[in-house]
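K.L.:
One structure is given below, represented as structure tokens, and several questions about it will come after.
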Amino acid sequence: MTDSQRSQLLHLGVIALLFVAFFVLPTYHVGNLSRIMVLAVYAIGYNFLFGYTGLLSLGHALFFAAGMYGLGLSMELFDLTTAPALMVGLASALIVSAVIGFLALRTSGVSFMIVTLMFAQAGYLTILYFGSYTRGDEGFVIQQADRVLFGLDLSNDTARYFAALVLFSVCFLAVARLVQSPFGRTLVAIRENEERARMLGYNTVAHKLKAVVISGTIAGVAGAAYALLFGYAGATFATVQYSIFPLLWVLLGGAGTTIGPLIGVIFMFYLIDLSSDITSAYMLIAGVVLVLLTLFAPQGLAGELRKRVFKWMP
Amino acid sequence: MDFGPHLLLASLEGAVTAAILALTAMGLSIVFGVMRVVNVAHGEFYMLGAVIAWWVTSLIGGHPAIGFVLALGIAPLLVGFLAAAADKVILQKINYDPDRTIVATIGLLYIIQQTTLMTFGPDARPVQPPFNTRIALPWFEFGDAGFAMYWPWGLSITSYKLFVIMAAIGILTALWLVITRSKIGLIMRATQLDSETALAFGVPVDRVYMWVFGLGAGLAAVGAVLVVPIQQAHYLMGHDPLLLAFITVIIGGLGSLPGTVIAAILIGMSDGIISVFFSPTLAKIIATLVVAMVLAFRPQGLLGRTAH
Amino acid sequence: MDAVNILTTKGLTKAYGGIKANTDIDFALPRGKTMALIGPNGAGKSTFVGMLCGRIPATRGDVFFEGANINALPAHQRISLGIAYTFQITSVFAGLSLHENVALAARRRLGADVAAVNAKVADVLARVGLAERTDQIAGDLSYGHQRLLEIAMGLAQDPRLFILDEPTQGLADSEVEEFIALINTLAGETTILLIEHNMDVVMKTATHITVLDAGEVLAAGTPEEIRANAAVQAAYLGTSDA
Amino acid sequence: MVTKPESKFTRRGMLKTMAAGTGAIAATSALPGLSGFAQAQSSAPIKIGFQVHRTGIGAAYGRWYNRTTEAAVKRINDMGGINGRPVELVAEDDGTDPKRGAEVVEKFATQHECDIAFGTLFSHVVYGSSPRAGELKLPYFVVSEGHHVASGKLNRYTLQPGITDVKSQVQAMAPFVANNLGKKVTMIFPDFAFGHDHRDFFTAAIEAQGGEVVEHIAIPPTETSFSKYFPRIPRETEVIYHVMVGPAVLTFVKELGEFFGPSSPEIFGFIDSLEAVDIKSPGLEFLEGTYFWEGNPRNAQADQTSHDKAYRAAVGVDDNGASVEDAQDVSTYSHMFGCWETLNIIKRGMETAGYQGPADRAKLIEAVEAMSDMPLSDDHPQGAKRFNGKTHQTFGHQYISKVSDGKLVVEHTTSIEDGLYEDEVDYTTQSF
């Protein structure tokens, strides 16, 4: 079996596992998984930029929120139905990430991180400033009756799970394929050594901009899906905290691995969920675990697995 | 209020913000400059400074000035030692790898925040300023009756806020002297320029890193002790100063200490002054975008050097 | 199009603040030849080639490639025209395999044609003698092998002009000999611009030599002419370690 | 203060307590859930999922919501539980975050298999959680004072029977402000939804009283220094209306005092600006003589009711509104009573509906929707309430207190009618 066949098997296996999980896991965990899959899409988008292109953004919450509000506001204010509203969400994230990418890519390294952070902060404040439309921090509910896509009631647990699974699978497979393509490999080259890549004749700026837009759009799709599947849009999702989350998920799961984002989200979710059962000081446990992971699993969970066991892993 | 007095008041408030920001950002700038690591827990060291200040002052009775002066000595020391220990136990072990440092300091942030929540509690707690006289300020105008001085409604500052500005200037000057004139400063600068060569010349780079990390955290704590009689200690108070300090350091130019001070003044003052012209939230949005644009069009920061 | 010269410069100048690193350099690189650019440390050699391939913006002056003025083109577009470049300090993708390193270089021209890319990679790796290490991680190679890898990456682009910035620096004597042999196999196939300190290498490979000193062209000509040039002897060869 | 005869509900509760007998009470309090619940068909506990802000920005409130809730549950269990079954509290921290809030609601419904969810304060968490509660068909009793429930934006499973919403509170303040303090008002509020509610509802209400708002000053939520905004206060201002939340509230109030110095207009604030803050804190001296809205008077008043006394004792709050164990630890007295009252309403609702288990959730909601007047009692120590079953929102008395000698002394109590407004929704028409 070649490495690429193995990777394909792994990817399909993950999807099959998630499919089966719906039938075997208790309701609670099925519910969690729907949410985890949507957040994993967010993490996949983030990983595309951070893990594969090597750009550390702290502004992804804005892309997530662009998708979320693009969908939410177009439904709330203009009574759009789900499918066109999803398109609006996707388009908003695409436009926002293109503009911010264009400006922020004038910088690099830590400056890139700070510029994206500041644009996101300005975006967050803008959501609050237009509170009469967005309801600011409080946000708004997307009514159950509106959350219907192609006749499917997405507020129903089963429909929600499979909608999340489809979205996850599409993004997961598409990104896994993309990073193996010449374009994706060039991004890796830029991550490894941008100057070398440029001096091989690659237009690294254009590549990075494309990466920001793809990454931001995927994040936005996750935001739109979150609003749609869980019925709520709010400014909390545009705060810095929600830019740090995907970074954390990706680093924990394994940056630059295809399954790292999913693993990172699952790990972080259950770390909080299980430790909060034991103690109200669950953040303390989470903190200690994070520190231990950096000490003993520096490549993230999937990254360590690749380093130690499955060298072929994508 | 008339435009002139309003602008004066906003500038004074901006100066207080700038003073605190300069101290906090300076701590981050030194760590950044010398060690090249992103310390996400910097804001938590700031918060700890404020919380320890509250703790010290609430233990000491008598005139508030006694507790305050003690806090100004104790809090930065304790925070500095804690940070140095964290450096030794965690950051040194992961070799200051950029990505891992981010995760580790996020972990540290959780630990410090939760521990504070469990011990100090969720309430905002005030510390009494050592002195706090309201000083009404006059304004001048040329009216029909010629040059006249009057006392506009609300135009005032407190003696403590003036003290904060002076104290920040004093501390930063002292720090500048230490870095440029003393042997410790020389060692720090040598390590910053080239840690490998410094190591070859017998500089104990690990120890330098440890104490630089401690010093950075200590400076944040100093800023917090100064601010806590104005703003109260709260377990979540480290968040915004962290972001602002980061922005300041980058705008100033990585590793440039004078740049950091200039950026702090610029950001603090513009935060105050822009608020005169726009509605508050809009002013914040504009100030944030302006600073982001400055960075986008001058990526090396104000005093940073270009690559070529 | 200039039939004789693949690349020429007119009055190319670089100033850092008030200090000139290169002053009014008029330079011509004959097609299909191997040109060595020599000069003492600080003569401005790297600045000059930096301006040729667009890494360093020129203060003034013109660069012509295949007769066309390429002043306005950014580095990656100049590379796309058929200029390959190896760095003074070896620059490879340390985290990737040798195969992927070379494939990245080949892919820009060959695109998604996997078979063609693989064939190219195998070909150039064999040519530089790294065929057996194709699956190794570049960062694990010895310094000398990394240099060879970088040359392989240059070759994989089938360049019309190949610029090598001090390629033998840090190589063992045996590796230098291999390098000389490799360059000589390329002669006629492509044009080579070599920045080199090692006069032995220069004399064994170059058909033409340009001498830079203090940012200006001191002399240009065949190796014999340069050897005979009194000014060069005084300014450079006399003090050289060669 | 208005006093009405005790309702049959309370009397029934008292009778039940007496029936359980003194011995049983002792046993119950020692071993809740094991004995003393003889009447129950099933002795399994009723599980109440308590969504609590233990961490995050709401933690100061969360702690007191927790204490009040535990006290109320203990009282209910001491009195024989609900339908003879003990009440078990399942507390989960939501981090004051709407995403985690929704997750916690799911956890209550599907993992802990709670009968209901309860106790959320911050509006954005309510908004984030409520859709999930509706989908999971889990009755969700919030104690948030937000206008979200009555605005019709939520669903039939979300109710707010224990605390008046902000629209009603604000509206009830306008007559007092206009008639006693002044007609020209400058409002200072946080620039997010909670502040906007104040802006919109108070501006309309004061205009209805013949006053006007001369300036709106919205403060960005990330702000930590405020003096620079105060010059926007017009000179003609007769009353400052302020409401702030979050950790910077004390700074805000202090700087307001420093700005005005000796010559300030009348100042009227929502106690939200100073919840969990000692009014005698250094720098707050200038608050002397200013007015506050209070949801429930923090300082025990001269005419304190026996109900307030009992409630204070049960929760562990002294006459100054601080913890009996630590006088520095000031409660969120104006909000936390809502937990106490809501739990008592849940108990009555479950008993009326003959609640047996999750299958009876709809019946529980219908039973609560059928409620209307709730008189002042040990169940409702804050005062009488009128619940609107159509809008799922309760309406109660509000208190306006003046600071004198560092204590909040009630000057005026509004009537329930002062706070009524037209229905914006009829949830009872929605299907379950």
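Here, residue 1 is simply the first one shown, and the rest follow in order.
Placement of Cβ uses the backbone N, Cα and C atoms for every residue, glycine included.
Dumping what TrEMBL says about this protein:
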TRANSMEM  A:9-29  transmembrane segment
TRANSMEM  A:49-71  transmembrane segment
TRANSMEM  A:83-104  transmembrane segment
TRANSMEM  A:110-130  transmembrane segment
TRANSMEM  A:161-179  transmembrane segment
TRANSMEM  A:211-235  transmembrane segment
TRANSMEM  A:247-272  transmembrane segment
TRANSMEM  A:278-298  transmembrane segment
K.L.:
Check for me, if you would, whether the transmembrane segment (A:161-179) reaches the transmembrane segment (A:9-29) - at least 3 Cβ pairs under 8 Å, residues 6 or more apart in sequence.
P.N.:
yes
K.L.:
Per the 3+ Cβ pairs under 8 Å rule, pairs at least 6 apart in sequence, do the transmembrane segment (A:9-29) and the transmembrane segment (A:247-272) touch?
P.N.:
yes
K.L.:
The transmembrane segment (A:49-71): which same-chain residues, six or more beyond its ends, come within Cβ distance under 8 Å?
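P.N.:
Residues 42, 85-86, 88-93, 95-97, 100, 104, 112-120, 123-124, 127, 134, 142, 179, 184, 187-188, 190-192, 194, 207-208, 211-212, 214-217, 219-228, 233, 235, 237-244, 246-247, 250, 254-257, 260 contact the transmembrane segment (A:49-71) from elsewhere in the chain.
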K.L.:
Quick one: find which recorded stretch in A:83-104, A:211-235, A:278-298 has the most Cβ pairs under 8 Å with the transmembrane segment (A:247-272).
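P.N.:
Most contacts with the transmembrane segment (A:247-272): A:278-298.
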K.L.:
Apart from its near flanks, which chain residues at least 6 from the ends of the transmembrane segment (A:278-298) lie with a Cβ under 8 angstroms of it?
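P.N.:
For the transmembrane segment (A:278-298), the nonlocal Cβ contacts are 248, 252, 268, 271-272, 304.
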